[in-house]
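Right, one structure below, let's go through it.
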Amino acid sequence: MTIKIRFPKDVREYARKEKVKESIIKLTETSLAEAITNFHRRMIILQGDTLEKAKLAGILAGGVARILSEYIPEFLDRKLRDEDKIEVLYATDALGEDTYGRKRFEEFRKHFSVLAPNAELTSVTFKYSRDILGRTFDILVLDLSYDYSPNDLGRIIETVRGGGLIFILTNPFEKWKDMWTGFHKSLVTPPYTIDDVKKRFNRRLIRKFTEHKGIYIVDADKKKIERRPRKNKSQAKLPEREKVEIPRDIKFPRELYELCLTRGQVEVLKALEDLIENPGMVVLTADRGRGKSVSVGIASIGLAITSKKKNFRIVVTAPELENVQSLLKFAERSLKVLGYKTKTVKESGLIKEVYAKGIGIRYYPPTKGYRQKADLYIVDEAAGIHVPILHRYLEKERVVFSSTIHGYEGAGRGFSVKFLKKAKEKREYKEIHLSVPIRYAEGDPIERWLFDVLLLDAEPVELTEEDYELIRKMEVYLEEPDLDDWFENDREDLRHFVGIYVLAHYRNRPSDVALLADAPHHEARVLRLKNGKIVTAIQIAKEGGIPKAVIDKMAKGYKPPGNIIPDMMVKHHYAKEFAKLRGYRIVRIATHPDAMDLGLGSKALELLVKEAQEKGLDWVGSGFGASEELIRFWVRNGFAVVHLSPTRNPVSGEYTAIVIKPISERAKEIVKKANDEFRLRLTEWLGDTHRDLEPEIARWLFETPFGEAVNYPIHLTKVQRKRLEMFIKRVLTYDTVVDAVKPLVKLYFLDGWMRPYLDDRQIALLIHRVLQAHDWKETAKLLNRTELYTMIELRDIVRGLWYYYKHMLKDEEKDIS
C-alpha cells in the first residue's frame, strides 16, 4: 500500500504565515516518506541561536503528527505500532520556570498544540529520562542547545520507532564546537578550571551528523537547508513485518505467541516451554532493540500460567531497575491479554512488581535476587553484573540469562568470554541470538550513527599468531596517545581502545567516552605490541596537587569532584599532606580478551609506574571492586591496600578497595602508615562491618608490599596464656578461649613476610571462624570438611602460632588482679 506524504492544507497555510520555507516543509515530508518506506528513523538538525528553531520544530512536528495520525489503522494492521495515538517526546536539560530550556519548550508547544492537538505530548528533562524507558515514540524533539550527557543521547534516541522522525535543536555548529556545557562543568576538579576542559566530544558529534545517511541539517535562523536528501519524495510505501508463523505444537496460550513480532521471539517462547516440565537454563543474546526483554517478559508469563503451581514466583534482576522496564511492561500486557486483572507497584515512576492471581513477578538488585525463593529467575543485562554474582544464579533450577551484545547496556563478547565459557562446564543450556530489530527495520541509519558516535560497537584489533609471539617475548611499549588526533580524525585506535573495555568486565556507558575525550584530568595510555597493535588499555585520572584551602575544607567534609584517592586519604587517614602530592589514579585497565593471563596487565602497570617516576609524581593508585582475582593482581604488583568501603556495590556485589603504590619517599612514609592502619582496622571490621567478606578476599587484603609487621602491641594476661595452653592441650574448648585465641590470630595477620606459612584453607579457617566469628557448621561447609575435622585443624593451627609468637607476647603480659 502506498500512502501520500503531504502536510495538510491548514498546516501548510500556518507554516507559510510563520514564514517557513516550502523547501523545509518538503525536506520534512521527504524525511518522513523515507522513514516510513524503510521502517527506519530519520533525523533533522535544527541549528540556531534564537527561539526560531523551537518554533520550526513545533510546526514541522505538528505536520508530521497529522500525517501519521491519518494512517494509524494501517500501521496497527501491519503490527508496525501498538498505540492508537501519535506519541511525541520533548526532551531537554531544564523545564524550570525562567530557564532557557523552558522558553524553548513553550515556543515549541505553542505551535505544535495548534497543529496536532490530538497527539500525546510528553516532556521530560534529561535528569528524569529513565522515566520514559519502555515507551516508544513517533516523534522526538531533543533539545541539545545547552546541556546533555551522552548517556541521555543513547537512552532517549532509542525510544523512537521506525517510521518516526527525530528533531534535534542545537546551537550553530561553529558556536557549539567551542561551547562549554553543564556536562563540561561537571568535569572540573581541583586544581583545574573550566578553561582546561576539552571539547573533543561535541566536535565528534557534530562531525558525525554530516557523515551518516538519513540526517539532514537546517539553519533555522537563516531558514537555509545545509544538508538535504538527494531527491524529494511525496509518497511512502507501507512496509510489512516479517510473517511470523506460530508452531502447531505450542504449550503456551496462542494469544502470547500472537504478541511476537519476529521468528526469534517465537523461538524464545518455545525455549521457555521446555522449562515447564524440566528445570533448565536458557541464554538469550541480542543487539539493542531486538525485542529480547519483551520476549522474556511474554515467555515468563506463559511459563507461570502453564505450570501446575498455585503460586508462581518470578524473580527478575538486572544492573538497574530501568533495564527491565520493557520486560515488566510486556509481562503485565501478557497477563491482560489473557484476561487477568493486574496490579503493578512502581518505584520512582518505574515498574518494580507485577501481580495477578497466583502469579508474582518482582525486580531485585543482583545481590539480593538469588537469595529469594522463586520458580523462575530472569537475569537481564547479565553482562553488566559481576561474574561471581552470575554464578549464584547459575545454581538455580530454572533460570534465563539475557544480555545485550552492542548498545547502551552492551558488554560485547565479555559475557561469553567471562561467564558462558565457565557455565558450560557446570550445566547444559540452550542459547538463542535475536538479530532482527523490533522497533525499526535492519539497516536503520540512525542506529548506525548512534553506534558510531558513542562507539557502542567498538571491538579490539584482531590478534594473529605473529602477535602472540610478540606477546610471549614481551616486545611491547607504553604510549600516551594523542587524543586530539584520535577524536578529530576518528582513528581506528580509538575504536580498538574502547573495544577492549567493551569486551572486558567493565560496564560501559556512553559518557565514559566523553569523559576520556573532555575531562582535563583524564588521559589514556596504551600498551602496544612492537607492530603497533593495542593489547592493553589504561584510562588514568591525574589527582592531587590540591591547594591547602581546599584540603582544609575536605577535612571538614567537603568532597571535591574527582580526586577520589586524595579525598579518601584525607578523610579516612587524616593524611592532609597526601592531598598535596600528585599521582595517577588508574580509572580502568583492561587487556585484550584474547590475550588474558599473559602478563600484559602487569607489564603495563610496571611501565606506567616507571613513567610516573620519571615525571616526578608521588604515587600511582586505583579503586575497584574487590574480587579475589583483582586484589591478588594489584597486591602482587606491589600496591598497598589502604581502604575498603563499608558497603557492597548493589550491582557488582563487591566492596570497593583502594590501593596505592608510593613512588616518592614522602608518599612511601604516608602510604606505609595508611596500610598498617588499614590492616589493623580490618582485623576488627571482619567481625562487624565486613563479616560477610569472602575469606579468600580478606586474606589478600592483609598482604603488604612493605613486608613489615604492624607496630601494634598485643596483650595477653597470665590467665589468658594459661587458658590458651590448656586449649592447645585439649583441656578447654575453643568457645571458652576465644578471647585468648583472637589476639594471637590478629598477631599473625598483622605480621610481615616473616610470619609462619599457612596454606589457603588454614588462612580461610582463621578468618572465617576466629575473625568473623562464624559458627562451626558454616565454617565446615566453607572448607568442605566435617565440623570435627575443622575443630581439630583450628586447634593445630593455634598450637603452631602460639609456639611461634609466644616469645613476642612474653614482655607484654599483664596481670589484672
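Along the chain as shown, residues are numbered 1 onward.
Backbone N, Cα and C define each Cβ position, glycine as well.
Swiss-Prot lists Ile589, Ala590, Thr591, Met596, Asp597, Leu598, Gly599, Leu600, Gly601, Ser602, Glu629 as binding acetyl-CoA, and of Arg582, Arg636 the one it places in that same site is Arg636.
Pairwise Cα distances among Ile589, Ala590, Thr591, Met596, Asp597, Leu598, Gly599, Leu600, Gly601, Ser602, Glu629, Arg636, the recorded acetyl-CoA-binding residues, top out at 17 Å.
Summarising the environment of Gly599 (acetyl-CoA binding site), the number of other Cβ atoms within 10 Å of its Cβ, over all protein chains shown, is 14. A count of other CB atoms within 10 A of each Cβ picks out Lys292 as the most crowded of the binding-site residues Arg290, Lys292. Annotation note: Gly599 (acetyl-CoA binding site) sits in a coil segment as assigned by DSSP.
Taken as a whole, the domain 'N-acetyltransferase' (469-664) shows an average pLDDT of 95 in this prediction.
Note on proximity: of the binding-site residues Gln265, Val294, Ile298, the one nearest Glu629 (acetyl-CoA binding site) is Val294, by Cα distance.
For the binding-site residues given as Asp597, Glu629, the lowest number of other CB atoms within 10 Å of the residue's CB is seen at Asp597. Between the CA atoms of Ile589 (acetyl-CoA binding site) and Gln265 (ATP binding site) there is a gap of 37 Å, rounded to the nearest whole number.
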